[in-house]
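Asks: Not my notes, these are from TrEMBL:
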type	residues	note
BINDING	Arg125, 148-151, 214-216, Gln220, 267-270, Arg450, 461-462	substrate binding site
BINDING	Glu144, Lys305, 364-373, Tyr375, 398-401, Glu425, Lys452, Asp458	ATP binding site
BINDING	Glu144, Asn146, Glu368	Mg(2+) binding site
DOMAIN	204-302	domain 'Glutathione synthase substrate-binding'
Amino acid sequence: MAAPWRDVVRDAAAVREAAAVAVDAALLAGVLMRTGEQPHASDVVNYAPFTLLPSAVPRALFEQAYAVQQDFNLLVDAISQNKEFLEQTLASTIKVDDFTAQLFRIYMQVLEEGLAQTVFLGINRSDYMFDCGLDGTAALRQIEINTIAASFGGLTSRTADVHRLVLKVLGKTEEASHLLPNNPAKGLALGIAKAWELYGSQRAVVMFLVEEIQRNIFDQRCVENELWNRNIRVIRKRFRDVFEQGSLDAGRRLYVDGQEVAVVYYREGYVPQNYDQQNWEARLLLERSRAVKCPDIATQLAGTKKVQQELSRPGTLEKLLPSRPEAVARIRATFAGLYSLDEGEEGDRMAATAIADPDRFVLKPQREGGGNNLYGEELRQVLEKIKDSPERTSYILMDKIKPQPALNYLLRAHSPLQVSECISELGIFGVYVRQGQELVLNQAAGHLLRTKAIEHADGGVAAGVAVLDTPYLV
């Protein structure tokens, strides 16, 4: 892959000047996070970490990722409506993974009671890396699809302007003009607004369900402000507020603190630590309601790693999207090798293969939020320990993707300015809205590029490992 900034990276004086401009530009543009020391205070903030220079991304792979996003939206929606597929696929996982099992129990309970929800909103983000083959050609390989709380659509909407200015300061005005416009915050808000409209009550609100600690509040505010600009009221509540103030009326309309809720937009609820007994009860109340959940619990289950692995089996995509062979081909072209660790001959073989050659694989639990995957020696130790136990079925194996590193500077508050060898991950946001059986909206809503130093195997921006970036298409 071309390295467009080779001349700049080695010019220490130019880098120092550009970095000072970049930090001020990020603060001016609102590329902000609350600090770890004062995570509840917006009067003490700093810039969110980002790269000094935009990273090179192969144009053909970028366009491929955009072209397949509507197909992934259709696929996630199809899975969420297929009880038999979810039951069969997750049968082994729910025996050993308490978190997935609890989500699944709520899913079954809501189905048995009968869905009150008639409008469905999906906001997902499909994440990819560029796998460098032995011949040097790069291929697009999907890492995962996030179907709940896919973040940084707001801050990344503001990052390209910062990089545009940096390139101009470095005398690269022509290159600056080639950076693409990107506004996922607007695209995500469009989906939420459509769902709110179809819910059909002007006085109802959109509820952002948020975490107790909200360092990434400005990312959410970008989307929130887009809704206020459309005169849609937004409230922010935690699970405990729903438990204490939430209720359903006879028509299963949801009220929180006396306000009718049209759309529940989850920015929380994706890891076991988000739940205690009260929070599980609050989640059940939300799922039983008529409100549009983004995601509803079926869509959250559709994003599990076990489902991702099952999709790679021959014939599975064809069953889920029977009338869409072109979509199936586009989706399958992005898959990396994915392998089951279920009990039986296939799982035994894959466990043994990974123990013998751990650097070929990534071991993935059924978790979102970054920082959960296992690599190398750690992967081997864990598999050695659980290889003869049913616990191994709570993981899947995936081929390790090998991207081509490039030099860049990762700007973090209170960190020295130093060049790093980096790799990037591209996410494409997708939004869809379905009313009954009719898909009324299906589109790609923008992109997110995150970059990290090669010494970090796993982890995103929120986990403090990756930083925000902008693609420079080559």
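Note that Cβ sites are derived from N, Cα and C of the backbone, with glycine treated the same way.
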Asks: Could you check the binding-site residues Tyr270, Tyr375 and say which one's CB has the most other CB atoms within 10 Å?
Replies: Tyr270
Asks: Could you measure between Lys400 (ATP binding site) and Tyr270 (substrate binding site) for me? Cα positions, answer in whole angstrom.
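Replies: Roughly 24 Å, rounded to the nearest whole number.
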Asks: Want to know which binding-site residues, from Glu144, Asn146, Pro365, Glu368, Tyr375, Lys452, are within 10 Å of Arg125 (substrate binding site) at Cα; which are they?
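Replies: Hits: Glu144, Asn146.
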Asks: If you measure Ser151 (substrate binding site) to Lys452 (ATP binding site) at Cα, how many Å is it?
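Replies: Computed Cα spacing between Ser151 (substrate binding site) and Lys452 (ATP binding site) is 17 Å.
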Asks: In whole Å, how far is Glu144 (ATP binding site) from Tyr270 (substrate binding site) when you measure between their Cα atoms?
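Replies: About 14 Å separates the two Cα atoms.
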Asks: Let me know how many other Cβ atoms fall within 10 Å of the Cβ of Gln220 (substrate binding site).
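Replies: I count 22 other Cβ atoms within 10 Å of it.
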Asks: Take the domain 'Glutathione synthase substrate-binding' (204-302) and count its residues per DSSP category (helix H/G/I, strand E/B, coil), listing them in that order.
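Replies: Helix, strand, coil within the domain 'Glutathione synthase substrate-binding' (204-302): 41 helix, 26 strand, 32 coil.
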Asks: Please identify, among the binding-site residues Asn146, Ala149, Arg215, Gln220, the one with the smallest Cα-Cα distance to Pro365 (ATP binding site).
Replies: Asn146
Asks: Let me check the 10 A CB neighbour count of Ala149 (substrate binding site). How many other CB atoms are there?
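Replies: Ala149 (substrate binding site) is surrounded by 25 other Cβ atoms within 10 Å.
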Asks: Spatially speaking, which of the binding-site residues Glu368, Tyr375, Lys452 is closest to Arg215 (substrate binding site)? Use C-alpha to C-alpha, please.
Replies: Glu368
